[in-house]
Amino acid sequence: MINKIIFFGTSEFGIPILDELRCAKYNIVDIVTAPDTPAGRGYEIQKSAIKKWAEQANIKTLQPEDLKDKKFVEELSAFGADMFIMAAYGKIIPKNILDIPSHGTINVHPSLLPKYRGASPIQTAILNGEQETGVTLILADEQMDHGPIIAQEKTYIEATDTNKSLHWRLASVASEMIIKTLPKWVENRIKPIEQIHAEATYTKIILRQDGKIDWTKPAQELERAIRAYYPWPGTFTFLPNGKRLKILESELLKENFDYAPGTIFETADGQAAVTCGKEAIILKKIQKEGAEVTDGKSFTNGHRNLTGIALK
């Protein structure tokens, strides 16, 4: 039986899991999340998505700067929780904390481990053109996404999936998995399976500059990047006047053209397209700096002078 749960999380990925835990009447006694940080142009202090959820649910939060802080560890232990659940928390948790709950710490990871350990498994799956991915529940240890597997489920990746759409599909899968798995785990009906560590692959932290488009790359690679980086960091290029042009949605155009990579041209049906290192992409949805989001056709109609011009 699970009497008290402490949840570790920072991003929105954990919200459906928390919602399902509450619906199933699990007692979430505390939430550990990232400290508030300044963000945006005005550097206003921002709360994590999980902290906002906790405040609405009237659940206490802890926001340690240092997980080894003695006061934090003592406060965490004082709750008497018998399970920790971790989802997109953003830090590796020390062993002395993982060992506090009697039923251990379950980590929810949005990939088919040992594939795509690390910070960006969803984006990387899209970038690599994967057709399936999934969610893995592991018994957390002090290494990144390394512990033995408790449960794993696959799901599909649509050809049009973005980071946003796949993120929420995986979060839904994860929330259902947690509810199905917890009773089996505490009743010792699951034997953890060691990951095949030799087959592990790793993902990197996505940076804002990763969204800068290099038009010399193949169109298929860029179309995937546009989906993988939506909505953050977003993909962008620059017009000849230096204005930023965000590419929000695109479509692969499997033809080769006698234009230099990055050249804007109009297709036979009036759509805006750009040549790449191989083939081209159609600009389905874009946003010029200081302007509203528009479709490619409207952009071409309003910027005839840009046809034949190379993006930077």
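Note: Cβ is positioned from N, Cα and C throughout, glycine not excepted.
Summarising the annotation, TrEMBL assigns domain 'Formyl transferase N-terminal' to 4-181. Under the heading (6S)-5,6,7,8-tetrahydrofolate binding site, TrEMBL lists SER111, LEU112, LEU113, PRO114. According to TrEMBL, the domain 'Formyl transferase C-terminal' annotation covers 208-304.
Sequence features annotated in TrEMBL and their locations in the structure.
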residue : record                                     : Cβ within 10 Å
SER111  : (6S)-5,6,7,8-tetrahydrofolate binding site : 24
LEU112  : (6S)-5,6,7,8-tetrahydrofolate binding site : 20
LEU113  : (6S)-5,6,7,8-tetrahydrofolate binding site : 26
PRO114  : (6S)-5,6,7,8-tetrahydrofolate binding site : 20
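Confidence across the domain 'Formyl transferase C-terminal' (208-304), taken as the mean pLDDT and rounded to a whole number, stands at 92. Other than SER111, LEU112, LEU113, PRO114, the residues of this chain whose Cβ falls within 8 Å of the Cβ centroid of the (6S)-5,6,7,8-tetrahydrofolate site are, in sequence order, HIS109, LYS115, TYR116, ARG117, PRO121, GLY134, THR136, ASP145, GLN152, GLN195, ALA200.
Across the range of the domain 'Formyl transferase C-terminal' (208-304), the DSSP-based residue counts are 22 helix, 37 strand, 38 coil.
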